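*Asks:* Starting off with a structure, shown below.
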Amino acid sequence: MKNILKIFFSDLKSMKKNKVVVFIMVGLCILPSLYAWVNLYACWDPYSNTGNLPVVVVNGDEGSTFNDKYINTGDKIVENLKKNDSIGWVFEDEWQANNGLNNGKYYALVKIPADYTRKLLTLASTDPQKPNIIYKENEKANAIANKITQVAVSKLSNEIKSNFIETVYKESIEVINDMGKKLEENKPQIVNIQKVLNNTSKDLDKVSGHINDVNSNSNDFIAYIKTIQDDLPTVLDMINNLQNIVHCSKNLNLYTKQSINDISNNLNNDIMQMQNTNTRIKELINNLKIETNNNEKLDIADQIDNLYESLNNSIIVQLKILNLVYDFSNNAGINNLMNLLKSVQDNTAQRTEILKEIINDINNNTTKEDLNKSIDRLYNLSSETGDLLITVSNNLYSNTLPAFDRILDGLSIGLDNIDLMVETSKNIVPKLNSISNFAIATNKLSIKQANELNKKINELNDDLKKLIEDTDGFNDKNVNDMLDLMSKDPELISSFMSSPIDVVEEDVYDTVSFGFGLTPFYTVLAIWIGTLLAACLLKPEMDEEDKKRGKIKYHQEHFGKMLTLLFISVIQALIIMTGNILLIGVKPDNLFITYLFTMMTSLTFTVIIFTLVSMLGSVGKAAAVIMMVFQIAGSGGIYPIETNPEIFGILQPLWPFTYAMAGLREGLSGAIPADVFKNLGSLSAFILIFLLMLLIKKPVNKVASYLNEIFEKAGI
């Protein structure tokens, strides 16, 4: 150990003797930090400046008419974009826009076609056509800028769709409200239609009796027939009113079908989101059990409590939707799903109470054994919740969705039957009128002719009685149900259908900016570059005369020179991280862990790079550069490793960058003890492996020396 320190201090003295060397060493210590600082400063918050990205908009929309009202969606889009500063929107005609896009003046072009509004309004018809917004981008301008403009255009499209759905539903519900008012005005006549038909049937029975007595009471018979004729216009007027109501009801059924389909899709998405939330809760409960720091436990408990609140809010929304449908349909399958959701809600309430007990236990420093019992109870209840959610999902597909289909089918069949009934009634009225005329004209005919008339009346009466049987279910309750459905608030329904669910985003770790997230990558890369530069400038071995004079052994020389490189690398790392904090504005969550991994990274990289250079010479330097290239692409520093080609995901665990960056993330964003120890252990493993390579340094040195001689002889 004495000789190792002797070599180290000897190197320091040699540096101090020459002012040029001192100047170079100072520059060598500062240079890597500039690499990290410049890159972090450049990409600290690029997405706050997207308002400077020029995107040209061409509005060719000619507009269209809806409910006798002229609408031009393109003009409204342009008006809203002028108020939107998230992108640098520019408005030009088509020629200027395309010319600017091709010349690189604009990053992207958004064109609203001439038929945009016309196609958009067809969504409220029985023959919808999907409208298009044409998007072009200048692919050679900038890859990231194109992705930003794509997101902006996608967001614009979603806002247009949401606003249009809200407007269409509002207009439709208002029309339905007007229909409901007309239906309510004619409610007495509609409800009494069956009573009128019964009276008509009885009258026909009387007509038949009168025909039998035609010869003896012809004058009374004629007077009675005229009475029936006087009633026929009233019957026809009632039938026409009923037919109008049926047509209105069919339109209502169309909107109801669309609404129930939307509700089905939203329920399915909500249940999947609830399952994902419950899975996240179970993960946090496990973390709660592992965590040793009370403050961290309280933070995890707070996250769990927020997720419980989110889960409970989702259940409340679903129960409100299902309750509306159940009030209308009284379906057992929907009621069963509501009961299951209420069970999940009760379960969540129990878990909230247990969580409060856990928080009190943490604050009161309850024993770990008692605390873990409460956590296990909470985890078991969460597992029960997961099973309940699976049952909810199965019930949705097996009972609820088929129940929605049966509701829609029942409405359609009922309206078709009523429509058929009304059409039959309209056909009967002319027959009644012609029979009455026929009866008057044939009053003085013979008994034979009177009997033929009686036969026709009996046939007509049979048809009328069949019609009465078909309309037996059409009563006051049915009309009230339709009136209730047709009197919903347009603002409430349209707002709900355009956006039935609000997503609340909560940050798990408070990363203030894009550049903050890149700090681990550029810091680790700068440390590697700095260590490699120092290794290239410093000699990895002593002069032979000094070795013999000082009786320096092989391993002492190795570790002594490595200590010199480590000294410079540690200074570089400290300057890099301190500058990140003081100059760039990085605010670590845990300063100790941040500097711990900064030093550990410096030590690991020094051992790796020095071992390669001291063993392989120039080949070792090239190997260190190759390792750096692969680690930049394949350690998941900028993009998730899952988005890279598969080979990079396979190699990722083999690179020290992976664990150095992961450790710095723990210090910067919030530490999980298990992950801290895992990354420290992984970096220690790299140190141990490359230290053991000292055992094969001599034989490898011989091969490396031979290669270096060849390079020297080649004069390159």
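Backbone N, Cα and C define each Cβ position, glycine as well.
Okay, so TrEMBL annotates it like this:
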- 271-301: coiled coil (COILED)
- 443-477: coiled coil (COILED)
- 29-193: domain 'ABC-2 type transporter transmembrane' (DOMAIN)
- 558-667: domain 'ABC-2 type transporter transmembrane' (DOMAIN)
- 521-538: transmembrane segment (TRANSMEM)
- 559-586: transmembrane segment (TRANSMEM)
- 592-615: transmembrane segment (TRANSMEM)
- 622-641: transmembrane segment (TRANSMEM)
- 676-696: transmembrane segment (TRANSMEM)
*Asks:* Counting each residue once, how many in the domain 'ABC-2 type transporter transmembrane' (558-667) are helix, strand and coil under DSSP?
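*Replies:* Output for the domain 'ABC-2 type transporter transmembrane' (558-667) reads 94 helix, 0 strand, 16 coil.
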*Asks:* Output the single range from 521-538, 559-586, 592-615, 676-696 maximising the number of Cβ pairs under 8 Å to the transmembrane segment (622-641).
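*Replies:* Against the transmembrane segment (622-641), the leading stretch is 521-538.
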*Asks:* Let me know the model's mean pLDDT on the coiled coil (443-477).
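*Replies:* Within the coiled coil (443-477), the model's average pLDDT equals 66.
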